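Asks: After the structure tokens below, expect a handful of questions from me.
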């Protein structure tokens, strides 16, 4: 249809209205897409095994060693418990949203339902990045365990580039060269092909491989438990509370497996029954296994001697149980394979949901008519993840992904507070009081006050914990107490608002507003434990995504269809659904 140009001012106005307009869940449903729908092939068992496979592989067999060695020591147990408790709180919020809006997209959909399209778009971008980086990190761990399976050093299969004969054996070789991980790129390509061929077959593959990894985990707990030396647990927390929180923030990305379950909601046969089992069940199983495995690894090996790349295989070899090294490596390979499958499964569905709404090119929304999978988005995911896995080391990848995960989870918790206390998108707004403040605005302001108070508390606590004793420390401590009080008051203030949206599809988050508020606070605290470099990377990426949103919106919004009466916008930027 022909289009005519409109002024930049009108285009900017349309973009702003769309950015703050909340989305109805139906806006994200497959009927809005011209391509084939996704197949509803998944049941409760499939979702549970997808969640367990996605969570257990990335945490236990890849990041436990790095978190214990570099940050928490034996207290990595507490780090995992903190991360799992935070994930459980956010998992409750995810489960309610997933049951109420069982469509692909997860946090992108949930946040756009409550705070508007732009906020949802930023969450979708961070979720896509989070899943890409976690998949690449897990793939590099896969290479390490392939090497140990054949009794070679963890780094044996990587090709070091830039290394010269003069420094090949020197201590600074790693500073003048970098390792290319070809096996990691290969396994990403293989799993991508499996996922493109159909969800049911992918779920069966995941169940079989997860069963192998769980059997090996049971072996590690039993056999490794006989080699535990309790003296290795002293000192328990060598770096104090700061080390525990830093370790928790690093391992937190292990729990993105349950987020992937939420992204598959559209392919679930009975969302109200199956999604709670898949999300909360996988978190409970994995939290218990994490705790036992942490006790084993830190009891077998002093924390400063734990191998970062393949901690369990090397620990058993050091303990004189070399015969078990290949068994552990096989189990680790199985667990890491399912974690990789989980991450690569979630990314394309986020891209597909965003493309349906015009926030990405329509090419990403294509669903294969025979296999019922988002083939184009899957191909893009496979290529980008393979490149990252090929060239970037695992510790850098883990630090990059954790802050995006935390930001997304915190946004979902805050969204639930607004969702429960504001009219659904599309319903007529009513004044909450005589001052002309709508229910949506009142709920949003309280959520904003809660987030601001938590940020102030996190900053004050970090300043207090890092500062020297004295006046400045006392001021920071006072600010922390004041901001914590404000957070409690902001949470309690939700009781003065009328409940507008009660769950109707089988699952309700308990103790609202306190459980979502606790999720917001926990996520913010872990964000502050990451440190300034991670904040800068997160800020730069967010600004880049916001710039793309504005540029694409203004470009496409400057053209409207001639037959639209001045209301429609060419292709993607019509007035958003819902309220503005």
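Glycine too: its Cβ is placed from the backbone N, Cα and C atoms.
According to TrEMBL, the protein carries these features:
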- 507-551: domain 'Cationic amino acid transporter C-terminal' (DOMAIN)
- 47-69: transmembrane segment (TRANSMEM)
- 75-95: transmembrane segment (TRANSMEM)
- 107-129: transmembrane segment (TRANSMEM)
- 178-198: transmembrane segment (TRANSMEM)
- 205-224: transmembrane segment (TRANSMEM)
- 244-265: transmembrane segment (TRANSMEM)
- 277-303: transmembrane segment (TRANSMEM)
- 323-346: transmembrane segment (TRANSMEM)
- 400-419: transmembrane segment (TRANSMEM)
- 475-495: transmembrane segment (TRANSMEM)
- 507-528: transmembrane segment (TRANSMEM)
- 534-551: transmembrane segment (TRANSMEM)
Asks: Do we see three or more Cβ pairs under 8 Å linking the transmembrane segment (205-224) and the transmembrane segment (323-346), pairs being at least 6 apart in sequence?
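Replies: Contact confirmed: at least 3 Cβ pairs fall under 8 Å.
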Asks: Looking at the transmembrane segment (277-303) and the transmembrane segment (323-346), are there 3+ C-beta pairs under 8 A, with each pair at least 6 apart in sequence?
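Replies: With fewer than 3 qualifying Cβ pairs, these stretches do not touch.
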Asks: Counting CB pairs under 8 Å, which listed stretch among 75-95, 107-129, 400-419, 475-495, 534-551 touches the transmembrane segment (507-528) the most?
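Replies: The stretch with the most contacts is 400-419.
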Asks: Who are the chain neighbours of the transmembrane segment (534-551) in space, where the CB to CB distance is under 8 Å and they lie at least 6 residues beyond its ends?
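Replies: Distal contacts: 15, 19, 118, 121-122, 125-126, 129, 359, 399-400, 402-404, 407, 527.
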Asks: Give the one range among 107-129, 323-346, 400-419, 475-495 whose Cβ atoms make the most pairs under 8 Å with those of the transmembrane segment (75-95).
Replies: 400-419
Asks: Looking at 178-198, 244-265, 323-346, 400-419, which one has the highest count of Cβ pairs under 8 angstroms to the transmembrane segment (107-129)?
Replies: 400-419
Asks: What stretch, picked from 178-198, 244-265, 323-346, has the most CB pairs under 8 A with the transmembrane segment (400-419)?
Replies: 244-265
Asks: Please give the sequence-distant neighbours of the transmembrane segment (323-346): residues at least 6 beyond its ends with Cβ less than 8 Å from one of its Cβ atoms.
Replies: 50-51, 53-58, 60-62, 106, 127, 131-132, 134-135, 138-139, 141-142, 145-146, 148-151, 187-188, 191-192, 194-195, 202, 205-206, 209-210, 212-213, 215-217, 219-220, 223, 256-257, 259-260, 263-264, 310, 312-314, 316-317, 378, 381-382, 385
